[in-house]
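What Swiss-Prot annotates here:
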type	residues	note
BINDING	13, 14, 15, 164, 192, 293	UDP-N-acetyl-alpha-D-glucosamine binding site
């Protein structure tokens with residue numbers, strides 16, 4: 001049936017936006033129109049416009065972890081965001097509303113439910129996200145990335161996390177590792193905003209390694225941190241030996257070429273590592289509002305697909321020692337174990353569900 005429309009709600013970091021784009025692309029290939037509901041400041045403003053998808057922006061940035069004044073401001077913005085969300089739903093008349101997780105889904109999801117629009121919530125982590133917990137009464141389905149506690153409810157459906165098709169089509173680990181020689185190729189990824197602890201530790205760890213044990217390093221810093229990280233490598237005498245990037249625009253290519261990734265343990269990051277079949281050193285972000293990343297890292301490590309390195313245990317000497325002890329046989333084993341955990345085709349399964357709810 002032609003002329004169907006999906007409203008994708010995702011904002012903030014790449015972990016919400018990139019899987020939303022994967023589902024959007026799949027639905028577009030089936031003839032659907034896509035409209036995006038985001039905010040004025042998140043990464044969606046960088047990633048969505050180049051796709052040609054219309055981006056509607058709410059003046060809302062969340063209320064958790066902002067302090068008293070920030071929380072009050074967020075609460076006022078939230079009230080306005082409910083009205084703005086309703087206006088966008090009336091304007092675009094979506095057949096399905098797709099929430100990718102995070103605070104931006106709250107006003108749009110509530111209004112979708114009140115206006116009798118089918119609402120699909122994507123829960124990337126094993127545990128139930130707070131925003132999704134609040135929205136469950138309004139939801140038609142809760143799509144889960146992992147078979148964890150979030151998947152236990154009556155509305156839950158385990159599909160895996162939507163991953164870009166370019167990553168799912170990366171060659172198998174054995175084919176990629178065949179014939180590789182020379183220094184290990186290591187990719188450091190701190191997420192779309194960068195990771196302070198990785199930015200501070202990697203230059204020191206590289207400096208502690210003898211030249212013959214030093215990997216060929218590509219380090220994604222986050223745009224705001226690029227100059228400081230560049231200065232740290234310069235001070236260590238290593239600037240010319242390291243490729244620095246503020247943001248990775250060609251992640252499928254980078255994953256296919258590297259031997260190891262050092263990164264955080266967000267659900268989408270972990271899902272992409274599994275889809276690509278890439279070994280990793282996972283340094284999860286653990287904050288007062290969530291421990292989802294720690295759970296993800298432990299799950300990967302228990303499966304033999306990654307090394308779990310808690311942030312409080314991360315130091316330059318330890319990381320240098322870990323890197324010095326690696327060889328490609330070890331890395332290939334972990335790469336194949338990661339690939340075995342992948343749930344390929346998740347974007348298609350979420351798109352199938354959207355079509356079912358729209359009556360196709």
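Cβ atoms here come from the backbone N, Cα and C positions, even for glycine.
In three-state terms derived from DSSP, residue 13 (UDP-N-acetyl-alpha-D-glucosamine binding site) belongs to neither a helical nor a strand segment and is classed as coil.
Of all Cβ atoms in the protein chains displayed, 23 besides its own lie within 10 Å of the Cβ of residue 14 (UDP-N-acetyl-alpha-D-glucosamine binding site). A count of other CB atoms within 10 A of each Cβ picks out 293 as the most crowded of the binding-site residues 13, 293. In sequence order, 18, 21, 22, 251, 252, 272 are the residues of the chain that are 6 or more apart from residue 164 (UDP-N-acetyl-alpha-D-glucosamine binding site) and have a CB within less than 8 Å of its CB.
Counting every protein chain shown, 23 other Cβ atoms lie within 10 Å of the Cβ of residue 15 (UDP-N-acetyl-alpha-D-glucosamine binding site). Under the three-state DSSP scheme, residue 164 (UDP-N-acetyl-alpha-D-glucosamine binding site) falls in the coil class. Secondary structure at residue 293 (UDP-N-acetyl-alpha-D-glucosamine binding site), taken from DSSP and collapsed to helix, strand or coil, is helix.
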